[in-house]
Amino acid sequence: MFGSSRGGVRGGQDQFNWEDVKTDKQRENYLGNSLMAPVGRWQKGRDLTWYAKGRAPCAGPSREEELAAVREAEREALLAALGYKNVKKQPTGLSKEDFAEVCKREGGDPEEKGVDRLLGLGSASGSVGRVAMSREDKEAAKLGLSVFTHHRVESGGPGTSAASARRKPRAEDQTESSCESHRKSKKEKKKKKKRKHKKEKKKKDKEHRRPAEATSSPTSPERPRHHHHDSDSNSPCCKRRKRGHSGDRRSPSRRWHDRGSEA
């Protein structure tokens with residue numbers, strides 16, 4: 001009554017398996033194959049859905065709180081613009097780049113200088129006292145050398161005068177040694193520049209001499225030839241030839257006339 005049913009299945013959901021998709025040639029056509037049927041050594045043994053796990057719901061500020069914060073900031077800005085409120089300036093620290101720029105302006109290396117040696121960093125309090133900078137100390141500071149400026153200058157006290165007398169010769173010795181070293185380095189630089197300048201002059205002179213010699217060498221053997229030709233022209237044989245040619249150059253009528261007169 002009923003025909004024989006064919007074997008096999010229709011491929012329902014119960015017959016589907018992602019492991020079979022891995023070996024299928026058309027696996028790229030299956031939706032979600034990169035997560036459910038990963039192929040390759042970079043996907044094996046890794047959690048490919050890590051981005052969807054461990055997320056805690058972050059409760060941000062409500063709309064009313066945001067509006068209140070904006071209004072407060074606008075009110076403070078208005079008061080500062082009208083002059084009713086002082087603006088709080090946050091001090092910015094000196095970064096490494098700024099420190100290097102300051103050292104370059106002073107004319108020294110940043111490694112040789114310290115922060116306490118730079119001018120304009122911080123201010124001394126009133127209790128420290130007045131700092132005296134002599135002419136030599138100022139010169140040393142311009143050269144980028146360390147100057148001891150932490151001693152006080154007070155009118156009274158024998159101990160302070162003795163300490164200052166001890167410190168002065170040290171500073172003077174430092175400045176003298178620094179000046180001498182600076183002069184020596186300048187002299188050496190000048191000598192090197194002079195040597196380089198002399199070498200360059202010698203090279204230029206050699207280069208100028210070479211083309212002059214090259215141009216003068218081919219013209220030298222031609223000169224005696226011209227002199228030889230002139231000497232030949234001045235010889236008596238050449239003079240006779242010239243006379244003969246000059247006589248032959250006369251017109252034929254003149255020649256016949258001369259012959260008739262001779263006859």
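Each residue, glycine too, has its Cβ placed from N, Cα and C.
Under the heading compositional bias 'Gly residues', Swiss-Prot lists 1-11.
The compositional bias 'Basic and acidic residues' annotation in Swiss-Prot covers 105-116.
Annotated compositional bias 'Low complexity' per Swiss-Prot: 117-132, in sequence order.
According to Swiss-Prot, the compositional bias 'Basic residues' annotation covers 183-209.
Look at LYS22 (SUMO2 cross-link): DSSP puts it in a helix. Taking a C-beta cut-off of under 8 Å and a sequence gap of six or more, LYS22 (SUMO2 cross-link) has these contacts in its own chain: ALA37, VAL39. Taken from Swiss-Prot, the feature SUMO2 cross-link applies to LYS22 (among others).
Under the DSSP three-state reduction, LYS104 (SUMO2 cross-link) is assigned to helix. The SUMO2 cross-link annotation in Swiss-Prot covers LYS104 (among others).
The SUMO2 cross-link annotation in Swiss-Prot covers LYS113 (among others) and is backed by a large-scale study or a structure entry.
According to Swiss-Prot, the phosphoserine annotation covers SER123 (among others), on the basis of a large-scale study or a structure entry.
The phosphoserine annotation in Swiss-Prot covers SER127 (among others) and is backed by a large-scale study or a structure entry.
According to Swiss-Prot, the phosphoserine annotation covers SER164 (among others).
For THR215 (among others), the entry in Swiss-Prot reads phosphothreonine.
If you look up Swiss-Prot, you'll see SER216 (among others) marked as phosphoserine.
The phosphoserine annotation in Swiss-Prot covers SER217 (among others).
Annotation source Swiss-Prot lists phosphothreonine at THR219 (among others), citing a large-scale study or a structure entry.
Look at Swiss-Prot and you will find SER220 (among others) tagged as phosphoserine, backed by a large-scale study or a structure entry.
Annotation comment: Swiss-Prot describes 1-21 (among others) as region 'Disordered'.
Within 10 Å of the C-beta of LYS104 (SUMO2 cross-link) we count 11 further C-beta atoms, all protein chains included. In terms of DSSP helix, strand and coil, the compositional bias 'Basic residues' (183-209) has 27 helix, 0 strand, 0 coil.
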